[in-house]
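Please read the structure below before turning to the comments.
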Amino acid sequence: MSLLLLQLLVLSCLGDTEPQPDSQQRKRRPLQHLFYLDRNLLESQSFHELVGENPVGVKETQEEPSFFIAFPQTAGESQKQGEKKMSRFILPNAELYAHQDLRTWAAPKEISPVENFSPSYYSNKRDVEPPYRKDAKKFWDHFMLRKNSASEEVVLPIKTNEMHQETCRTLPFSQSVAHESCEKVIVQNNLCFGKCSSFHVPGPDDRLYTFCSKCLPTKFSMKHLDLNCTSSVPVVKKVMIVEECNCETQKIEDPLLGSRQSDFLGNLPEHN
């Protein structure tokens, strides 16, 4: 409030004074400084009512916003150009108010809503893939396993990764076909190699049901080889040429294994 009264006093004194010679203007030069005014104070209604919209002798500059107000010089053009160099000078006693008002002028940076619709914003969203999509196939296989097991009224605690560890592939090799008193023949063939799953289910009446998935040839052809022999009897060999292999599930019912299990259970001691 004291700063406001001081500024009003200076404005009223400068508005009433008449132009004086150069010697008197030099005496008033210390009063012709730049005063730091708060923007909220300049725009307040009470300040305009006390001072007026446009005080006498004050020029409004709308070229660029500034925190400083310069009072006009009544001297010549040479002195005005010299004072323009000091138009950005801040009084030492006004620096205290400048530091106190920095917090009011420093506003947080607001993000425009247009930036949220930029392509880079959505590209980053698309790059971050939800983690559950990576295991979508595993969850689906687990669901199908429980669904198929429920139809048989049996829920098997089998992990899905154990079911997908089956490997069965063809490995090329050179197969030699030989016979007594005949020339050996080399044939390019494939063998089945891999690891397939299997499980064993005990059944009623000591019967055991074994479900084995074996790595077997699924695509093959039979080839007849005529061997060159010294005997008068022709020798023909029949060879399976394997092209593809896969895990094939087979159900085996072995009563011999059932009898072995009953013998094993009969030898166990009874526990009360």
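Just so it is clear, glycine is given a Cβ too, placed from its N, Cα and C backbone atoms.
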Could you tell me which of C13, C247 is bonded to C196 by a disulfide, according to Swiss-Prot?
C247
Among N116, N228, which is annotated N-linked glycosylation site in Swiss-Prot?
N228
According to the record in Swiss-Prot, which candidate from C13, C168, C182 pairs with C229 in a disulphide?
C182
According to DSSP, collapsed to three classes, what secondary structure does C196 (disulfide bond) have?
coil
What are the non-local neighbours of C215 (disulfide bond), defined as same-chain residues 6+ apart in sequence with CB under 8 A from its CB?
C168, C192, F193, G194, K195, C196, C245, N246, C247, E248
Please identify, from the disulfide-bonded residues C192, C229, the residue with the sparsest Cβ neighbourhood, meaning fewest other Cβ atoms within 10 angstroms.
C229
For N228 (N-linked glycosylation site), what is the secondary structure by DSSP, using just helix, strand and coil?
coil
Which residues does C182 (disulfide bond) neighbour through Cβ under 8 Å, counting only same-chain ones at least six apart?
L227, N228, C229, T230, V235
